[in-house]
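Peer 1: Taken from TrEMBL, the feature region 'Disordered' covers 36-76. What TrEMBL records for 105-165 is domain 'TRAM'. Per TrEMBL, the feature S-adenosyl-L-methionine binding site maps to GLN365, TYR401, ASP422, ASP469. If you look up TrEMBL, you'll see CYS496 marked as active site, nucleophile. Residues or ranges marked as active site by TrEMBL: CYS496.
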Amino acid sequence: MRRSLRAAVRVSHSSPFKPWNTNHLQYRPLWVASPSGMSGTKRPGDGLGPKAGVKGWKRKRTAQETKSQPRPAGSHEEVLLRDVELLLGQSHELSCGHPQSDTTAPEQFSQIELSIAMLGSTGDGLAISQDGTRVYVVPFTVPGDKVVAKVVKNFPSYSMTDLVEVTEPSKDRNDDLIFCKYFGRCSGCQFQMLSEDYQLQHKQKVIAKAMQNFSNLDPSLFPSVGGVMPSPLLRGYRTKLTPHFDGPRRGGFKEGAPVPDIGFQLKGRSFVLDIEDCPIGTDAVRDGFKSQRNYVKENLNTFKRGATLLLRESTERTFSSGASDGPETTQSYTDVKTCITDSKALVTEWVGRAKFASPAGSFFQNNNSILEKFTGFVQEQLVIPGLAERDSSESYLIDAYCGSGLFSICCGHGFKGILGVDISSQSIESAKANAKENGIHNARFITGNAEAIFADVDFPPESTSVVIDPPRKGCDELFLSQLLKLGPKRLVYISCNVHTMARDIGWLVQQDLGKDYSIDKIGGFDFFPQTHHVEGYAVLSKNS
Ligand SMILES: C[S@@+](CC[C@H](N)C(=O)[O-])C[C@H]1O[C@@H](n2cnc3c(N)ncnc32)[C@H](O)[C@@H]1O
């Protein structure tokens, strides 16, 4: 079964693992085009020669160095560099601590044989050169794979490559699991050849590595990372997709112009890969994708430039007569799912018994199948230990970065007061309407930067819990320092970027060397099966 990949790759040029002839394509990875978190004119890997990498990895930073460290942005390139350092450091240790001589970078477009040593936190396989001084980043590979890769771009300590061929598959690779014909070219879903268990265990390690690399905390100050909770659906789960297409530089599409590629980014390039169907989308979203592609083709000359298409599922639920099941009344219902493409149109989503309406273009979690379990878990974590028995109805909830009110509504029952904040006035309008619709009458929502909440809150900190769910870049220090000043009893941090989560909770604990807050739990939920992304959580309690 595994051989089918090797055979296919060898005999067929249309194999997903030989997707393009790279020689004529300019290699322009996104992290070079948009160097968020990189300062000045430094490029990824600068200053990370083998010796720098090894020394930096081994030696503990002094307090002075720690203070002057720039705040990590948790960006793709930073995360990759930490993995590169780790591998170079390990290889240095294996060589009994003797410094290695520097290698010259391999020739661009040369093909080399590699053994994959590690699956990086960015989702690509990593191999190390025989002399241990250079790391090769090879997409779509698993530790244990032996591969041929083509070098497409060199950096001081690592090289980006394209996978040419898997010559000997790892025992952990199962190509029979691959379900999408764009695997090997599309930049999403690069874990399709891995079992669910492998994916979950890898994501657990990613969270642990994030804590090790980005929290700046001594490991004694945080618990070991718990398992990642699986998603009920492994494909067909995404309720929102945003394929796009590029347009002409100026003048719009002319009559009879060729239809551009419509889809997602080609792996390792800044080009769009034409995609007709995306099997991680829900059925409604997949149908919508097909009709939107047709719409673009038929109306191309109405587009002035490239565009991003919005495909978002909406669920219309009709209840039939309630059936009595002892003291419980169960209600049966029928769902009709449609795909909404107008960003201003309202979509409806259900999470358990809670109904949410929000404009299609506003934020909502993308994997509905996991949300009931997830919000149930968050609700349990928000309970203040000890207070539950005394009087939980005297407790309060702050919902920072509340969006359209997911946590206030799903986890807010039983709190005496709730205060939510979000920067999007559109989301705040939705949160207010959703709270009313779902019978949450003690919640207030304000529009503003997250720290605006501190001017408004009058909840007693010893009976206040805070759920913090920021965007990928995490919280800024102004918010965190004011949070620390308020000192609420319980914090539940949720994040789709476990690196900024580690940075932020590390910052909170570090300010007081763990005297104020301790980290009770860290773990994750598999919101994004088949991809390298993971939703992380951390639960903190204020020490009494
Ligand atoms: C990951 S979403 C979480 C939303 C909500 N908790 C949910 O689960 O549906 C992050 C939210 O942060 C909001 N946001 C981004 N920057 C913000 C800021 N500086 N202050 C407050 N809210 C912000 C966004 O509008 C978005 O709704």
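First residue shown is number 1, and so on along the chain.
Including glycine, each Cβ sits where the backbone N, Cα and C put it.
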Peer 1: These are the binding-site residues: ASP422, ASP469. Which one scores highest on other Cβ atoms within 10 Å?
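Peer 2: Compared across ASP422, ASP469, the most Cβ atoms within 10 Å surround ASP422.
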Peer 1: Quick one: which residues besides GLN365, TYR401, ASP422, ASP469 have a Cβ within 8 Å of the S-adenosyl-L-methionine site's Cβ centroid, in sequence order?
Peer 2: PHE363, ASP399, CYS402, GLY403, LEU406, PHE407, PRO470, PRO471, ILE494
Peer 1: What binding-site residues among TYR401, ASP422, ASP469 are found with a C-alpha within 10 angstroms of that of CYS496 (active site, nucleophile)?
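Peer 2: Cα filter at 10 Å returns ASP469.
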Peer 1: What does the DSSP secondary structure composition of the domain 'TRAM' (105-165) look like, as residue counts for helix, strand and coil?
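Peer 2: Its residues divide into 0 helix, 34 strand, 27 coil.
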Peer 1: Max CA to CA distance in Å over the S-adenosyl-L-methionine-binding set GLN365, TYR401, ASP422, ASP469?
Peer 2: 15
Peer 1: GLN365, TYR401, CYS496: which of these recorded positions has the sparsest Cβ neighbourhood within 10 Å?
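Peer 2: Ranked by other Cβ atoms within 10 Å, the recorded positions GLN365, TYR401, CYS496 bottom out at CYS496.
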Peer 1: In the three-state scheme derived from DSSP, which category covers ASP469 (S-adenosyl-L-methionine binding site)?
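Peer 2: Reduced to three states, the DSSP call for ASP469 (S-adenosyl-L-methionine binding site) is coil.
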Peer 1: Sort TYR401 (S-adenosyl-L-methionine binding site) into helix, strand or coil using the DSSP assignment.
Peer 2: coil
Peer 1: Where does the mean pLDDT land for the domain 'TRAM' (105-165)?
Peer 2: 97
